[in-house]
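Residues or ranges marked as domain 'HTH LytTR-type' in TrEMBL: 184-288. Marked as transmembrane segment by TrEMBL: 20-38, 59-77, 89-114, 143-160.
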Amino acid sequence: MMEASAIQRRLSAHFLSYQWLWAPLLLLSWLSVHLVLNTTTTLMEARRAGSSLPLWEPLCWEATSIIVVALLVWPIAQLLKHWPRQWAWYWQGLLHLCALLLFSAIHVSAMVALRKLWYIAMHSHYVFGDWRYEFIYELRKDAVAYLSLVIIISAYRFIVRRIQGESSLLAKTENTTEIMPDKLLVKKLGKEFLIAVNSIDWVEAAGNYANLHVGERVFPMRITMTQLSQQLPANQFARVHRSSIVNLNQVAHIESQDAGDYALTLKNGIQLTLSRRYRDAFKEKLSL
């Protein structure tokens, strides 16, 4: 057991230290599987239909598509990194829709351009067809590709955060309303570190976890937002949304919005939503 645990820690440490290698390798593996499967499927379907199709054509169709998708992974990852989780679900949905349309437009345009160049190199001519019909056709497939990338990138970051460490109280107690101690225990790759509670900038709900944002770092803690809001120092932290808690000392300014909500900006530039449900309690704490 000890040996297995040591191996696991070494693998985790290697994964975290060489993400610049692991992330592209995993992406390349995923795209390669798609390239081989889609190319061979097209060839097999053509032969089953009794038509002769040279290998380079389906390889061209799939490779050009996958190359462009690979180039679009980084912009999507950056979008998700700065995703406005405090927005209402319908605004987030609209942002995803806009991102999908832009993703598809770039994908189709670049893919067609690469195919035309490939066909010219093979002394042939590529015809994309009617743009309106073909774009709708490609948009359907791009919706699946975009959703897959969002899920894969989010899952990858979730796994990285879990490997990096998980925060916990220094002394566990059955009383969930007890005030939290001034330090948290952070477990990271077999080592333990202490972080001061007052160094937490804000807290973000993430399923069964609460992500503690401390500067540029994020520490997951297995606790509900309700329990955490009860345990954090009441004179320093305030619930501002069902999915976020803020350190009052980190608030830079507040700006009113439509529907009675407020835009709350932290000193590090992060923007959160102060919902009407928590507005009065938040203002009361600020006036203390």
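Here the Cβ of each residue, glycine as well, is placed from N, Cα and C on the backbone.
Tell me about the setting of these features in this model.
Within its own chain, the transmembrane segment (20-38) is flanked in space by residues 58, 62-63, 66, 69-70, 73, 152, 156, which lie at least six positions past its ends and keep a Cβ under 8 Å from the stretch.
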Please work out the helix, strand and coil residue numbers for the domain 'HTH LytTR-type' (184-288) from the DSSP assignment.
28 helix, 52 strand, 25 coil
